[in-house]
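Asker: Below is one structure. I have some questions about it.
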Amino acid sequence: MSPQTETKTGFGFKAGVKDYRLNYYTPEYETKDTDILAAFRMTPQPGVPPEEAGAAVAAESSTGTWTTVWTDGLTSLDRYKGRCYDIEPVAGEENQYIAYVAYPLDLFEEGSVTNMFTSIVGNVFGFKALRALRLEDLRVPPAYSKTFQGPPHGIQAERDKLNKYGRPLLGCTIKPKLGLSAKNYGRAVYECLRGGLDFTKDDENVNSQPFMRWRDRFLFVAEALFKSQAETGEVKGHYLNATAGTCEEMMKRAIFARELGAPIVMHDYLTGGFTANTSLAHYCRDNGLLLHIHRAMHAVIDRQRNHGMHFRVLAKALRMSGGDHVHAGTVVGKLEGEREVTLGFVDSLRDDYIEKDRSRGIYFTQDWVSMPGVFPVASGGIHVWHMPALTEIFGDDSVLQFGGGTLGHPWGNAPGAVANRVASEACVQARNEGRDLAREGNEIIREASKWSPELAAACEVWKEIKFEFETIDTL
């Protein structure tokens, strides 16, 4: 950093620039149960010591600025400052470190992910002394998490609403994602739900475009829901995307969905913003609506391993802000996601208590106390041959969502839904009988296809489809 210069005054104030580490690097500090803890992967500029870089992260994301200021003397910096309390080198990487920072709870507004992120992942990410900076994990203490409502309903309450237990829930994103008229869209929804799926879904970029205005879509989808429910005797849902250009318009769409009797709405929580998402989550709890969350834009933030923010942090933020489902990758499909890393943040979404486990990318033990859990949604390039692996990886408390893997069936949408339902129930039955899904998965699907022509046709179409690319963001 710049050389230290000071100018004394008659009031005990020393103007000038000081090294950050003089005040913000405190390896002797013992963290408190009420601290928010952060693990940053940092790459300092050449010549910047890691202790100075870690202290700069702590300072610039809490009380510090680049020079000493008069008003430091009007408050207690020791009470409010962030502290870099540990630094460790990243194995196998040159000039890269994990900096651990503790933040006092009083720095953050209660119940506001927006305020928390404005500090922790704010201007510090553009700091010139750092070549790159990534927030790897966050420990949210119960003293802070209890100020959030969290998911509108949670896993158990949703199962009770749907009266569906003991298996993953099945969904489908309607394709093509853009261009269908509202009536044809509703027809596709009806066919998929009648065929055996639990949910259908608006694609994340379906809002209210000229080819299909939101109100028309909501009306035709509601008709499809009620017709499929009457024919199957099962509760059905369609994720009606309420995301809009303003919070007021978003709420208008959610209110209309509730008036139609729809059980669930949807929000793009990153493009829509945390303030809008939390507002919608509160409305959904108050009015009995489930809330499906899409993570559009996440890869802009989380895919590069040296800079940005890991999705496990975005997942924790979503659980606090509120959502009953959130997309979480597939491990086996077309989208990025390493198995152990994915399971690490899936546990952070579903479980009450998650132990520190660096082999899964979990830097801190996280205690959610009584906050409801979130269904992870596996979606993106998956089909019936993936069903055993998906069931084994994600378990029952998940939503498995097949868009092209339903609508691409050679016989049509309803047979595509039948194929997925048959494959899912075959995998659940085989697992419950003690069979090894990882080893016997293909055999289980082949056996089930002998008595399901819909599944047999799907198996033939997608037998050669694989997405075998190396994951970029690895541990």
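Backbone N, Cα and C define each Cβ position, glycine as well.
From Swiss-Prot, for reference:
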type: MOD_RES; residues: Pro3; note: N-acetylproline
type: MOD_RES; residues: Lys14; note: N6,N6,N6-trimethyllysine
type: BINDING; residues: Asn123, Thr173, Lys177, Arg295, His327, Ser379; note: substrate binding site
type: ACT_SITE; residues: Lys175; note: active site, proton acceptor
type: MOD_RES; residues: Lys201; note: N6-carboxylysine
type: BINDING; residues: Lys201, Asp203, Glu204; note: Mg(2+) binding site
type: ACT_SITE; residues: His294; note: active site, proton acceptor
type: SITE; residues: Lys334; note: site 'Transition state stabilizer'
Asker: Validating a neighbour-count step here. Other CB atoms within 10 A of the CB of Thr173 (substrate binding site): how many?
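Answerer: The answer is 24 other Cβ atoms.
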Asker: What other residues of this chain sit with their CB within 8 A of the center of the CB atoms of Lys201, Asp203, Glu204, the recorded Mg(2+) site?
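Answerer: Apart from Lys201, Asp203, Glu204, the close residues are Thr173, Ile174, Lys177, Asp202, Asn205, Val206, Tyr239, Asn241, Met266, His294.
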Asker: If I take the alpha carbons of Lys175 (active site, proton acceptor) and Asn123 (substrate binding site), what is the distance between them in whole Å?
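Answerer: Answer for this pair: 39 Å between alpha carbons.
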Asker: I need the CA-to-CA distance for His294 (active site, proton acceptor) versus Ser379 (substrate binding site), whole Å please.
Answerer: 10
Asker: Which of the three DSSP-derived classes (helix, strand, coil) applies to Asn123 (substrate binding site)?
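Answerer: Looking at the DSSP assignment, Asn123 (substrate binding site) belongs to a helix.
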Asker: Return only the integer: C-alpha distance in Å from Thr173 (substrate binding site) to Glu204 (Mg(2+) binding site).
Answerer: 9
Asker: Taking each of the binding-site residues Asp203, Glu204 in turn and counting other Cβ atoms within 10 Å of its Cβ, which one has the fewest?
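Answerer: Sparsest of the binding-site residues Asp203, Glu204 by Cβ contacts within 10 Å: Asp203.
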Asker: Can you tell me how many other Cβ atoms are located within 10 Å of the Cβ belonging to Asn123 (substrate binding site)?
Answerer: 10
